[in-house]
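**Q** Quick paste of what Swiss-Prot says about this protein:
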- 21-41: transmembrane segment (TRANSMEM)
- 53-73: transmembrane segment (TRANSMEM)
- 91-111: transmembrane segment (TRANSMEM)
- 139-159: transmembrane segment (TRANSMEM)
- 164-184: transmembrane segment (TRANSMEM)
- 229-249: transmembrane segment (TRANSMEM)
- 257-277: transmembrane segment (TRANSMEM)
- 281-301: transmembrane segment (TRANSMEM)
- 304-324: transmembrane segment (TRANSMEM)
- 344-364: transmembrane segment (TRANSMEM)
- 372-392: transmembrane segment (TRANSMEM)
């Protein structure tokens, strides 16, 4: 089924609702499956060091397939690419459920996620236009964060009840995402006729990297989003060590609740950005980025639970307000230069590389015996300074 003129600019069109529903189910499955698979590793007495390997193979798939997934998203109707990617996730979850090696199964999920990302964001620019693209990004980010919240909690609760049942429910959720993809209109291919030989494909990707990096606005967006997501993943791990040190609470639930506060804040911030920021006023988001670092600094010095909750909600609001306009800017500029799919693939490479780099630096700091509170203060200060530098550079440009 094709929509006339290829786009329906309404945020509540059938196509947008199908994309948002598929994204919610897919992200819900990703987060529920992570905690269900971690429970499986514990139940089968895998060593503790094996648990972070799950996240590593997931992120590694993004980096390994970065040169290819953007072209896939731009060479086929994006709704069908999303359906194929969710089918890979379904296969990975089902294989874990039926007793196959969980790392191999989770790698399949990671490959599916890598293929899914350029298509899910790239299709927004084909279903909406102009300033509605910012609002569409806000809707997508809000749906994603809600899925992260609910999926994480559901994965843990279901795994405590029955690990295999939790894995099976994850597979059913992915199946629901596949069905939702069927309702996305078949849109025209963005960049038909590209070569599928290895060398031209990699050359095309790295050419897209060069084109986006040489453009001041897209370089600005790439750096900003990469720093944000690298910092977000690092903060998640920082909380695990910070809670017992700063609050004297040793349970496993409290860090999860604190992470949830950040996610709630991001939903609010994403909604505010959709209403207050346009593609012409993207720089309005930069003070929020600086204040994220300041918020982390003050949060690290807290010794009571209530102000910690409040500061993390505030950090989340600032984060949502910061990331949504930068995503929209990259999609809009990328669509007219290298294709939206290639632009998002380049963005994924930057973000996941930043995640690995920041987590590596954090791990080195912990291994060196630096106090967790000091790490948090330094991390917040460095992030604020980095975003300030990015803002100054952009203003001078």
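Even glycines carry a Cβ here, placed using N, Cα and C.
These numbers come from a predicted model, not from an experiment.
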**Q** With CB pairs under 8 Å as the measure, which of the listed stretches 53-73, 164-184, 229-249, 372-392 comes out on top against the transmembrane segment (304-324)?
**A** 229-249
**Q** Which of 229-249, 344-364, 372-392 shares the most C-beta pairs under 8 angstroms with the transmembrane segment (53-73)?
**A** 344-364
**Q** Against which stretches of its own chain does the transmembrane segment (91-111) lie, if we need a Cβ under 8 Å and a gap of at least six residues from its ends?
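**A** That would be 29-30, 33, 37, 40-41, 53-54, 57-62, 65, 164, 167-168, 170-171, 174.
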**Q** Where, among 21-41, 229-249, 344-364, do we find the most CB pairs under 8 A to the transmembrane segment (372-392)?
**A** 229-249
**Q** Which range wins on Cβ pairs under 8 Å with the transmembrane segment (281-301): 21-41, 164-184, 229-249, 344-364?
**A** 229-249
